[in-house]
Every structure is written in C-alpha cells, then in structure tokens.
Amino acid sequence: MAGKRKRANAPDQTERRSSVRVQKVRQKALDEKARLVQERVKLLSDRKSEICVDDTELHEKEEENVDGSPKRRSPPKLTAMQKGKQKLSVSLNGKDVNLEPHLKVTKCLRLFNKQYLLCVQAKLSRPDLKGVTEMIKAKAILYPRKIIGDLPGIDVGHRFFSRAEMCAVGFHNHWLNGIDYMSMEYEKEYSNYKLPLAVSIVMSGQYEDDLDNADTVTYTGQGGHNLTGNKRQIKDQLLERGNLALKHCCEYNVPVRVTRGHNCKSSYTKRVYTYDGLYKVEKFWAQKGVSGFTVYKYRLKRLEGQPELTTDQVNFVAGRIPTSTSEIEGLVCEDISGGLEFKGIPATNRVDDSPVSPTSGFTYIKSLIIEPNVIIPKSSTGCNCRGSCTDSKKCACAKLNGGNFPYVDLNDGRLIESRDVVFECGPHCGCGPKCVNRTSQKRLRFNLEVFRSAKKGWAVRSWEYIPAGSPVCEYIGVVRRTADVDTISDNEYIFEIDCQQTMQGLGGRQRRLRDVAVPMNNGVSQSSEDENAPEFCIDAGSTGNFARFINHSCEPNLFVQCVLSSHQDIRLARVVLFAADNISPMQELTYDYGYALDSVHGPDGKVKQLACYCGALNCRKRLY
C-alpha cells in the first residue's frame, strides 16, 4: 500500500470571540456576501430561470431607513431543494469544459444523484424523474442533443442504475420507451437521412417476442403491449415513431446503441443496465406474435472490434460471490475483524508466492482509542426529538446543519452531498439509534473483502452494490497529537484531522462552501502561527480497522467527510468515508489521499516522491 499521511476535508469558517475590529471586518464580509447572493438570485430571475427562488421574495419593495437610504436586506431564505437547484446552476457555469469525457460523465451522474436525493427528501413522487426534470431546467444534461454511435466517456460495459440516470447523461432520453430516436427537428443536421432515426435501444425483457443471443438479437418493436399488467401484447404495432426509426437505421446502415437491463437484488433500484455496444440493424419484418397481434421484428448484429460483452458478468455477479469462506480462492483470513464487525471481512491473497495475511502485526479495533494527553470535549446538549428526527425546524442538530438534515432516509441512510462538516445526533439527543441523523454511527452494512493487489499492496472491495451517499466506514485508529507522531518513521497510516485547516482553505486545501453553523466555543484559534499543521491525527499503524487498507486514487469513488456527533470540536472530528458514486460489485474502493505534489520531505529536508499506481485515466503519476 502506498505510503501516506492522509488528509481529511472539512468545515466552514469557524466563529470565535474576537476584537471589535475583527468583528467589523467579518460583518463587512458577511454583508458583501449577502449582496452578492442577492445579485445572483436577481440575475437568475431576470433570465427567467426555473431554478430561482419565488418572485415574491425577489420583488418586494425595498425598505428605507429614517434618512431615506435603502435598508440592507438579508438574502431570502431558501429551502434545501432551492439551495440544491442554485448550486446545480452555479456548478454548470462552463468551468468543466476541459474535463476528460469520462470525468464529465461522472460529474453529471453525481449531480443527478444529488438532485434525486433532494427530491426524495422533499417527498416528491417519482424523485428520479423529478431529478431529471431539474437537470433539464438547469441545462445540466451532459448530451442534450441526440448522437449517433458511442457517447464520449461512456464505454462498453458502463453500468447505469436506473433509466433516469441514462436520461440525465443524455444516453437514452426516454425513461419508459425502449427506442430513443431523432425526430424531425434534426432534419437540417441529417438531411441525407430519412427521419425519425434510432440512436439507442434498451432491452428490459418487457416483450414476449424478444430473442436475445448476445451478439445477435431479434428485437421486438415498441407499442401494443400491456404496460401495467402481464406485459403481453394486446394490440397490433404500427410502423411509426421508434419502429419507423429502426427501419430507417436498417435502410441507411446506421448503428444503434444497445443497453440490456436486468433485475438485481443488491442494486438500490433492484435493476442494473449495462451498455453492450453498437449493433447494426440487419433486417426488419412484420409478423404475428405469440399473442396473435402484429409485431415488428428487427435482427440486430453486434459490430466487430468492440470490447467483450459484460452483461453476463453483471447479471450473474451473485454467482461469483462465494456462499461460505471455504469457497474463496486465496483465502488467508476468514475475518480480519475477529468477529467485531457485524459482517465478517475476509482477506484473500492470490499475488504472493507465500501468501501472508493483512493481520500480521496488526490489531483490529472497532472504535477509536484516545491517547491520555488528548482531551475529548464534553458531550454537547443535543436535540429534544423523540424516536427519530423528522422536523428540521425544531431539531437542534438540523439547525447546526444549516436548517436541514444532511441525510435522506433511503437505503438505511444516504448523505445528499458532501459538506464541510456533518452534525449528527449524539449521546445526549432524545432520538433513538435508528434516527437517520445517526447514519454514520450504524453498523457495517456491506459485504467487503480485503485483497492483495499486484502493485498497491492490500486493497478493499465490496461484494455488493453501494449506493452513492452511503457511509462505508470510519477511519479508526489511535487519536494522538500530531507533534507526538512526527518522530515515528515509516508510519504509512497517519490520517491528519485537518478539518479546521480545510475549512479555511489553508495549505492549498480546497474548502467546501456549505451552510453550517460551527459553534463559537470550539476552542480553535485561527491566528496560530502553525495554523497549517493539524493538532490531532489518527494513527492506524498497528491498531485500526479495515479503512487503513483502502488505497488512493486520482479518480476515487469514495470521499472523506468530517462528522461531529458526541461533541462539537472540529479539531477532533470523526473521519468517515462515503460513496461518491454508485459503486458496482468487485470494484476497488478508493479515495483521494489529498497530497499536494512536493509536499512530503524526508529527515534530510529533501522532497520525497512516490509513484502512483491507481490506474485512473487521469492519474497524475505521483502520489506526492
């Protein structure tokens, strides 16, 4: 495993007692921020944006002071849904034009996941479709215009977890219809073709006359089947819309994208859709179907020279997961946690000639150990909710989170988006252990495996799907003062708790601009001469949990989230890893260690360098 001094990301500007001069400077900055917010909201309104706040808040007559000058108004309060819409608009202002195509796809899907979870939190019907609608309004669809052939950034084997995800990217723009096609609005661009012209089909097994032999497919056209009942054909199909579009593809030798959908119990939507590449429409005809009605048939042939099909791997992924540890190839440890975790974590090693176990010289623990010279603050008062926190207007913990809950009660709790800091309910709160605002405190929910990799040492992967926003684990070890571990050489498992530094953007760290209320009495000094150095760290060198085996990636699928639950001192925040994307089974779990290049120095003061073997398309080739 690559050597690392891990870095956490964390919260917003901390308030503290300060001089009158400093208070005036801060108030001036807050006033300027309020003015900019008002201007931005008004700009969105002037452009008739669908995602701005209500007009009644924007066009109220400005109040005046006694001297006739206009009073400074606070920016209008926004709901969580409105904030999400504003940030969606701001995040799509053209700054990402230079991103690689696959990174654009990843970012687009993350935006959709956020909108989807916001709609779930707002208890809207069909939150997946509402999420797509919000992206359409914000002009956030990655490929809004239909494209023939492969879409940049979406390779053969790419997995979607819902039809709405495909719509959000612009891969297949019909959430229900199996055939996506260009209508007559494209006639100027495709004047040499007859329209409509098909660009994509999704095979979901809804038609009784379909015949799928992988490379060769007999596809049944659209229309005439019972959508709500047994899916059987109930009337004749017509040669129109998608059916006519496939006919034109056959006549003009235009390939179509083929995506197969399958039931999958471990997927959070119970479905998974795999892109299987481009197919040529070789032939079409009309015939009487199984139910006696006329259906249109299309023979599709997969184009040569494409990567191998992966749908079967997805469809039968459960078959690759052993039912007992005795079936695991290369097993070196049945459970590295020794029964401490709710789900056992096996370890496998098929790399070394003499396989070794990751537990050698390592003690597994489930909770943090605190060094004697580290003083943990007293527990905060907490909220007065009962059972589960549901009313964000009354819950004290929700108020700390900016007036809304950071989690949505879906799939046992999912974080809507990354924040500077998340305030969870703690030991003195009135709610119970099932409260959604205790999501990261719950037991291990996924079947994981520690495995030996060829270049990166030990690594971690999941045997099942992990939905975006799900907590995977907390980084566990011994909490020490950073100054006490600086003399320990070759310790690769030090995680600096630099939430305070990140929230102030110190040392090149990137802030997360979130609406949180960091308490004034956290005891943190912002004027320290050594403010770039975190005061505390987590040492998992010889004692810790499986999080120590999670590797770095320049394009990670996890992110670091600082969480406060038992107290409100961000210097000692809990470090929790959450899923940034919907993660497929057997995919390695990774996060960004956060090193800046040339930031690590040896005992001689010289810059140390370490190669990165993450394998990402945009790997920067060096860890530090």
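The first residue you see is number 1, and the count goes up from there.
Just so you know, glycine gets a Cβ as well, placed from its N, Cα and C.
Per Swiss-Prot, the features are:
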REGION    1-25  region 'Disordered'
REGION    54-86  region 'Disordered'
DOMAIN    149-302  domain 'YDG'
DOMAIN    381-443  domain 'Pre-SET'
BINDING   CYS383, CYS385, CYS389, CYS395  Zn(2+) 1 binding site
BINDING   CYS383, CYS397, CYS425, CYS429  Zn(2+) 2 binding site
BINDING   CYS389, CYS425, CYS431, CYS435  Zn(2+) 3 binding site
DOMAIN    446-594  domain 'SET'
BINDING   LYS456, GLY457, TRP458, TYR493, ARG548, ASN551, HIS552  S-adenosyl-L-methionine binding site
BINDING   CYS554, CYS612, CYS614, CYS619  Zn(2+) 4 binding site
DOMAIN    608-624  domain 'Post-SET'
CYS397 (Zn(2+) 2 binding site) sits from CYS435 (Zn(2+) 3 binding site) (Cα to Cα, rounded, in Å) at a distance of 12
For the domain 'SET' (446-594), mean pLDDT (0 to 100): 83
Counting across all protein chains present, how many other Cβ atoms fall within 10 Å of the Cβ of CYS619 (Zn(2+) 4 binding site)? 15
Other than its close neighbours in sequence, what residues sit by the domain 'Post-SET' (608-624), given a CB gap under 8 Å and a spacing of at least six beyond its ends? 2-4, 100, 102-103, 455-456, 551-555, 590, 593, 595-602
Whole-number Å only: compute the distance from the Cα of CYS395 (Zn(2+) 1 binding site) to the Cα of CYS612 (Zn(2+) 4 binding site). 45
Nearest of the binding-site residues (CYS383, CYS385, CYS397, CYS554, CYS612) to LYS456 (S-adenosyl-L-methionine binding site) - Cα to Cα: CYS612
Neighbourhood of CYS431 (Zn(2+) 3 binding site), C-beta criterion under 8 angstroms, separation at least six: CYS383, CYS385, ARG386, GLY387, SER388, CYS389, CYS425, ASN437, ARG438
Taking the Cα of CYS612 (Zn(2+) 4 binding site) as the centre, which of the binding-site residues listed as CYS397, GLY457, ARG548, HIS552 lie within 10 Å of it? HIS552
Determine, from DSSP, whether CYS397 (Zn(2+) 2 binding site) sits in helix, strand or coil. helix
Around the recorded Zn(2+) 3 site (CYS389, CYS425, CYS431, CYS435), other residues with Cβ within 8 Å of the Cβ centre, ordered by sequence, are CYS383, CYS385, SER388, CYS395, CYS397, CYS429, GLY430, GLY432, VAL436, ASN437, ARG438
